[in-house]
């Protein structure tokens, strides 16, 4: 079975057309994959921002509730059990806030270079005290 010369170009054309369609399909698939990847990244970013916002809202609400407890007038509470409970809550809140304040002060006082420049005040060096 021999093929004529007219059949060969038709086969070549078909294979070229198939390659062209495959290339176009690959390009479309890559474009869709890239779009999906960007969409997923944006969704993750938005989700993280939303979680952060919700945590901030939760902290703000907790602070508001703590402030309500701190501002309670103990003399206006008739039930001694409730008064003792509110007073204990106030003490706990104040202790927690004092500890947080001390932690923040400690962080602000530490220098990122403190471990490298511990003796710059003049002790053990030729530098004068300042």
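Keep in mind that glycine also has a Cβ here, set from the backbone N, Cα and C atoms.
Noted in TrEMBL for the protein shown:
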| type | residues | note |
| --- | --- | --- |
| REGION | 1-27 | region 'Disordered' |
| DOMAIN | 3-93 | domain 'No apical meristem-associated C-terminal' |
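The residues of the domain 'No apical meristem-associated C-terminal' (3-93), classed with DSSP into helix (H, G, I), strand (E, B) and coil, number 81 helix, 0 strand, 10 coil. On the 0 to 100 pLDDT scale, the model's mean across the domain 'No apical meristem-associated C-terminal' (3-93) is 91.
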